[in-house]
Amino acid sequence: MSQQDRVAPQDQDSFLDDQPGVRPIPSFDDMPLHQNLLRGIYSYGFEKPSSIQQRAIAPFTRGGDIIAQAQSGTGKTGAFSIGLLQRLDFRHNLIQGLVLSPTRELALQTAEVISRIGEFLSNSAKFCETFVGGTRVQDDLRKLQAGVVVAVGTPGRVSDVIKRGALRTESLRVLVLDEADEMLSQGFADQIYEIFRFLPKDIQVALFSATMPEEVLELTKKFMRDPVRILVKRESLTLEGIKQFFIAVEEEHKLDTLMDLYETVSIAQSVIFANTRRKVDWIAEKLNQSNHTVSSMHAEMPKSDRERVMNTFRSGSSRVLVTTDLVARGIDVHHVNIVINFDLPTNKENYLHRIGRGGRYGRKGVAINFVTEKDVELLHEIEGHYHTQIDELPVDFAAYLGE
């Protein structure tokens, strides 16, 4: 599918229209957007706004705080990128927008989207820069000295350059927290609150995520002012276009079952999720020995190696990516049509993030869960949480891959 066909599948009726001022606007031309921003939107490949874009962009441009929930693959990054770019004054080469992401890979991907959509707004091709771990701080300081309008980064590095006085926060207009549920979890919460200490009191705050647990919504009261809320009904929290199945299997037979799957059907690209680094390495080694083109990554790898792996997978040079939950959030690879949970995720929210790797932007996709006897209860919890049914894998499942 071409970029021009990017219309997200999330249903109009999936949203809780519980707040005034949230109404779908079915055309980018009808939104309050600069002409040069519209040029960038259409040049990027968007034609018709997705459901979340129809609802979130206009409230974003009005300058108030916003909490927006949208499933993976439904145009969430485009929604906040467009809203953010409309809010900035490109006559001034000052830092005005800050986007925080939980991983280096997601930050790099987000910065690319913002740069491409905003290419006709700025005279500088470098108006949007990334600030992430695994790179030299001195390089970041040089970027800031040269002038940046939008900074996209991970909390640790952004906090560092703020404390050094290199990233001046007084001119900031907008803060976006992408994958907000992860950003406000225990792992990042302290860093996020530390960054907030340096931000202008009147800064616009926008939260975007596929899941918005109640505890996260409760936390937002600490730093948001009467936000517009665009939330998805719980029963809608499963991806259209994704067929979900399970295979009952004993732990020691999972690898053989995996090999059988790859011999049964032709798969464009696939992602296999396992819960430990050791298991990721083991699965990748066994698949490589069977002449599959396999990449693998996990959080303990150097960030430069992880970036190289993602580039290899995106380019199609590698057909299989074996990983931990590191890439479960937001990494956009267009040709993935099957996701295999070699291990079920320990976190129910991560199930949705994982299966969102397949069937993006309305294409068919399949999610297959390997379920041992001890996993049955967790599978039922996932079904109950998302009001969905996960059926046993049928013999003719190749039909679900569009074969």
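Don't overthink the numbers, they just go from 1 along the chain as shown.
Cβ coordinates are placed from backbone N, Cα and C, and glycine is handled just like the others.
Taking Swiss-Prot as the reference, the stretch among 26-54, 55-83, 229-257 described by the feature motif 'Q motif' is residues 26-54. Among the ranges 138-141, 158-161, 178-181, the one that Swiss-Prot lists as motif 'DEAD box' is 178-181. Within 10 Å of the Cβ of GLY75 (ATP binding site) there are 26 other Cβ atoms, across all protein chains. Counting every protein chain shown, the number of other Cβ atoms lying within 10 Å of the Cβ of THR74 (ATP binding site) is 26. Put plainly, the binding-site residues GLN71, THR77 were compared by Cβ crowding within 10 Å, and the winner is GLN71. When secondary structure is read from DSSP and collapsed to three states, LYS76 (ATP binding site) falls in the helix class. Mean pLDDT across the motif 'Q motif' (26-54) comes to 94 in this model.
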